[in-house]
Each structure stands twice: as structure tokens, then as C-alpha cells.
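Taken verbatim from TrEMBL:
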type     : residues : note
COILED   : 142-221  : coiled coil
DOMAIN   : 297-677  : domain 'Cation/H+ exchanger transmembrane'
TRANSMEM : 301-323  : transmembrane segment
TRANSMEM : 343-361  : transmembrane segment
TRANSMEM : 373-392  : transmembrane segment
TRANSMEM : 398-416  : transmembrane segment
TRANSMEM : 428-451  : transmembrane segment
TRANSMEM : 471-494  : transmembrane segment
TRANSMEM : 515-535  : transmembrane segment
TRANSMEM : 571-591  : transmembrane segment
TRANSMEM : 598-619  : transmembrane segment
TRANSMEM : 625-646  : transmembrane segment
TRANSMEM : 658-677  : transmembrane segment
Amino acid sequence: MQAARLPSACLAHCAGIMRVLEGSLFCVLLPVLHLLASAAEHEEVAKHVIKLHRGKGATAAQRKQWVLDSCRKLTGLLRQKNVVLNKLKNAIRAVERDAGLSDEEKLFQVHTFEIFQKELNESENSVFQAIYGLQRALQGDYKDVVNMKESSKQRLEALREAAIKEETEYVELLAAEKHQVEFLKNMQHQNKSLSMLDEILEDVRKAADRLEEEIEEHAFDDNKSVKGVNFEAVLRVEEEEASSKQNITKPEAENGLGLSMLIDSQNNQYILTKPRDATIPRADHHFIKDIVTVGMLSLPCGWLCTAIGLPTMFGYIICGVLLGPSGLNSIKSIVQVETLGEFGVFFTLFLVGLEFSPEKLRKVWKISLQGPCYMTVLMIAFGLLWGHLLRIRPTQSVFISTCLSLSSTPLVSRFLMGSARGDKEGDLDYSAVLLGMLVMQDVQLGLFIAIMPTLIQAGASSSSSIIMEVLRILLLIGQILFSLAAVFLLCLLIKTYLIGPYYRKLHMESKGNKEILILGVSAFIFLMLMVTELLDVSMELGCFLAGALVSSQGHMVTEEVMAYIEPVRDFLAIIFFASIGLHVFPTFVIYELTVLVILTLAVVIMKFALAVFVLSLILPKSSQYIKWIVSAGLAQVSEFSFVLGSRARRAGIISREVYLLILSVTTLSLLLAPVLWRAAITKCVPRPERRSSL
């Protein structure tokens, strides 16, 4: 214990500090005196320090005497602390021997004394830590920025640990106070007779206390020592509207039902996800307002795009732009809105799978497998070539090329909704070819996300370990291919033994109760989603396969399921496209409009040309005309480039500037996609069979 080091220890510390300072004594003693002096003495000492520093009447003897007086004060405080600790120990022994106290009361009093002991010891430790910290700081080289940063980091860590200790002590005091109140209530109940109603309420109170103890999770204490957990300084912002409507005091705000927002030093904002008291329902009003606002503004934006001949999805993207960070900045729960929007992707791909039966997949599987693979390889080859000419790192070139090679499955799915399917007898259906290639790109997306960490490590490794990194990548690719084989084997088993009886049972139980059918179909979608996720394959592929398995039950089943699921999909798709608009920054596009237009046109033209070239090689001669439609559908960049770009930016693969370029090119290519698709449909589909999907 620090108390063992009394006069001699203190004098030794002070002598060491004097040797380090060599005259600037006020720098050392000011932090110490801040802890020791009373409020009245502190001001006088501070004035005296200033006089000494300015050399007004300061002599060596006075300075030495001042240091000795300060050390005597510190020594006296340490002696007094020892006396108090001895008294606390005697008090604890007296409480333990007191036969008139109950066990709970003894435990409460002893715990209170121990908290006070802990406070005294921590205060003493703080004094000596401040002295040691000042010694380290004075011995450091302040011309070295790195050294200053490390010193600042050490002080910050010490403050964080002190804050955690103080928070723990405060929680313990709150618990002790609660225990004391409960003890006084019990004493009052014992001294008076209770009515039947009071006895019932007392039993209910005890049961409620037990319930709170059972369901309470000590998440803070359980996780603060977990590896990788860091202590951060955050700001807690209470709800302004709730505080303005009600006169809420600070204790009520801390213990109330409001959803506080936490903001860390990196400007990340956090909303409560699980409250301490789970017995009281709570609602995230920010999220509710965000969804309501998106729904209301999507209507006029969708109408406007319909009036000028654009797909309604662009109206929803404009809605997200207006409400997002680049517009009114009224969306508070951006992550929650994006998460809900992901369900729009899931249900959209399920409906795509409903229209894309296994029979169609079997007919075009070779084209679906070969086409995206050839296009990705060619895109990477062109990317490496341009990267070499522009002196871009190979890792960055491979990432950008792979990212731009992907196309938007939800967008093309909306194009194909209600469009013509029938072509000449014996010819391939362009929608089947296009969707098959998009599904394969979704598989490539999952594969690329899976191998991204290995690519990052390979880019950072030395040349001597390149062979090992290549072997690791090949091993990971083999694992992904094995997972794909397992998924398709599982789909075969489900189609043969499960999906038929499951849907018939679901149809029988849902007569007059359509929510059972909706819930049953949704549960099957989520099951396939979880299966593909557990096997490290894209979740989007699981949703698509769920739709394909349901469509194998016949046309009547497909029509019935589609009628029920489409309204759910439409609402969630609005949220999804609005969430895309949250990441569109018109000001950046305007600043770099010329560069972005040139890059977007180059990407669209290159993807269209590569798709035409690849399809010319793999399509049969009788179906060569559909290559123009399929190429037009593939000539844009997938919205999943947002996801890939954000991960690559966090991993250091690409810079902030490249990330913004990818976002802008993706957005502009999606805006050009309807124009190119409509031109291809007009040119290649006969007029009697043409039905606009836009």
C-alpha cells in the first residue's frame, strides 16, 4: 500500500522532482497542490507560485522552504489517511460482532466502509501517479511529435481507467443506497400491520425485484475486460423534444425511458439497442420518423419520375439524396434505414427467383457460368493494364476492376418485371440468360468478400511469402466452391422432399388467413438466407434460390405467392433505393462533373463492349440477337459497390478519393441504365411482343 511510504518516501519524490526541474518548480508543485490545498489556500499558493516564477523576491532558501512545507502537508494527509483506515477496520470488526444487526444490514454497512477505503487508496494513488507522469513528461523530447503523441495517449488511457473506476464506485454507491432504502421499508413494514392489499403489493414488489435481478445483464462488467474492448470518451445527448415537453431533471433523464444518443470522438453516433430494464417497452422515435419521412417524400418523387418517363426507383433515390447528409440531413438512424432496406433486396431477389425456374436455369447454366467469369477476367486484365500505365498498385487495380465488373441485380429485376419473355421457338430467353449471369455475379460477390482479407494480407506481405498467400487464396476459393456445391445439393434435397409438402400444409392452414402464408413464405426465405450465410455464400443467392424452389411447384403456386409478397417487396424496395440515395453526394458530382461523366461513359461502354464480345463467343448462332439486350442489362455498376468500397476504404486498399469516385460512377451508371435498356429493347424486341418494363 502507498501509505507505507510516508515522510521519507514523499521527500525522496520531491527531491527527485527538484533535480529534474532545475528551477521551474511551479510546474511540478501546481498539480500536486491542486490535490492538496483547500479552496482558500489554493488561490494564495497559486499567486505565490507566479511570483516565484517571475523572480519577484524569490530566493533559493524560500523555494526550498516552500517545497518542504508542501511535502509536510502531503505527509500529514497520508498520516491522516492511515488513521482513518485503522478506524474503518475497527468499525468493520465492530459491525461484524454486533448481534443486533441482521446479516443483510451487516453486509450493507461493511460494503459501505470498504467503498470508502477504496476511495482513500485511489486518491493516494492518483497523487503519486501525477508525480510520476510529470517526471516522464519533463524527461521527454518535446521536439518529437511521436513522443508527445505517446505521452498524450498514456495520459488518456490513465484518465479512461480512472473514469471506469469512478463509474464502478458510483454504481456500487447507488446499489448501497437502494439497499438502505429497501432495509428501511422492511423495518417499517415489520413495525405496522399490513392490510391484505398491502401484503399482495409487497409480494408483487419482491417478485418484481427478483425478475429484474434475473433478466439484468451485467454487460458493462462482463465486457470491459474482453480482449479488443477499448474505453472511449463519448457525449450523451438527451432527446431535445422530450426534454422541452417535460420538465425532466438530470437524475430522471439518466434513469428515464428516453433514448439518448452517444457521440464518440470520431463523430460516430450510437442509439440504444438494448436497455438495462427490459421490462418496459421502448421505441426508437428517430427511426420511426425517418421511415415516415422517407415514405411521405417518396410519393411525390416517384410521381415526378413517372411523369418524365423515368423508373420510379430513381424517384426513391432522389428522396434519399434530399433527406441524406448531402441534403436536409434529417435522417438520424442511417444504419437502421439501410438495414431495413436490405430486406428489400432479399424480397426482390426472391421474386426474381419465382420467375426464374430451375428448368430455365438448367437450360442456360453454361452461359450463366462462363459469361460473368470471362467478363470479370477481362475487366481485371484491362484494370491491371491501365493501373500499370497510371502507376496504380496491383491490389487497388484488381479491386476496382472487380467492383466495376458487377451489375445491379435489383435494378435489372425491375426492368424485367412484366417485360416480354417469349421469343422465337427454340431460341434462348434473354431474361433467363441475363438473370443467370446476374446470379453468378452475386456468387462472385460473395467469393470476393470472402477472399478480401486474404488479398489485403497478400498486398501487405513481403515477396518471400507470395507463394504461401497464393496457396491460401486457392484454398479459400476451394472452400467457397465446396460451399456452393453443398448449397445446390441442399436445394436438390429440399425440392425433392420438403418444399412440396411444406407448401401444401401452408396452403391448407392459410385458408382465410393470408398472413400465415406470408409468414410461412418469409420464414422459408430467411431459412435459405441463413443457410447460405452459414456456408459463407452470398445471402442474396439464398433468397434467389428460395424463389426458384417455390416456383418449381407450378404456375399457380407462383402466382399466388407473388400476389402476397409483392406489396411487401414494393415497400421495402422503396427503403432500399432511398438508402442508396443517402450515399449520393450531388455537390461532389457537380465539382467533378466532367471527370465523372467521362469515367462513367468509359465504364458503361467498356462493360457493354466486353459483354457483346463474350456473348458472341458463347451464345448459339440462333440466339445471337439477344446479346444486345443482355449486354445493355449488364452495362452498369452494382449498388453493392457501396459495400465493397466501404470495406476496402476501411482496410486501406483504396483512398477516400477513389471511394468517392466509385460511388459517383456507380450512381451515374445506374441513372444511364434505363436509357440504354430502353434503346436495346426498342431495337431488338419485335413491337407486338414489346411491353415496357419501365
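The backbone N, Cα and C atoms fix where each Cβ goes, glycine too.
Simply put, out of 398-416, 598-619, 625-646, 625-646 has the most Cβ pairs sitting under 8 Å from the transmembrane segment (658-677).
Counting Cβ pairs under 8 Å to the transmembrane segment (625-646), the stretch among 373-392, 398-416, 571-591 with the most such contacts is 398-416. Scored on C-beta pairs under 8 angstroms, the neighbour of the transmembrane segment (598-619) with the top count among 301-323, 373-392, 515-535 is 373-392. If you look at the transmembrane segment (301-323), the same-chain residues 6 or more away from its ends with a CB under 8 A from one of its CBs are 290, 293-294, 329-331, 411, 414, 573-574, 577-582, 584, 586, 667, 670-671, 674, 694. Here the transmembrane segment (571-591) has Cβ contacts under 8 Å with residues 291, 294-295, 298, 313-314, 316-326, 331, 334, 337-338, 340-345, 347-348, 410, 414, 639, 642, 660, 663-664, 667-668 of the same chain, all six or more residues outside its ends.
Same-chain residues lying 6 or more positions outside the transmembrane segment (398-416) and placing a CB less than 8 Å from one of its CB atoms are 311, 313, 344-345, 348-349, 351-352, 355, 372, 375-376, 379-380, 382-384, 431, 434-435, 438-439, 441-442, 444-445, 448, 455, 540, 573, 576, 603, 607, 633-641, 644-645, 648, 653-654, 658, 662, 665, 670, 673-674, 677, 693-694. Outside the transmembrane segment (373-392) by six or more residues, the chain places 398, 400-402, 404-405, 440, 444, 606-607, 610-611, 613-614, 617-618, 634 with a CB less than 8 A from a CB of the stretch. Sequence-remote contacts of a segment are chain residues at least 6 beyond its ends whose Cβ falls under 8 Å from one of its Cβ atoms, and for the transmembrane segment (515-535) they are 346-347, 350, 483, 486-487, 490, 499, 502, 506-507, 509, 541-543, 545-547, 549-550, 560-561, 564-565, 568.
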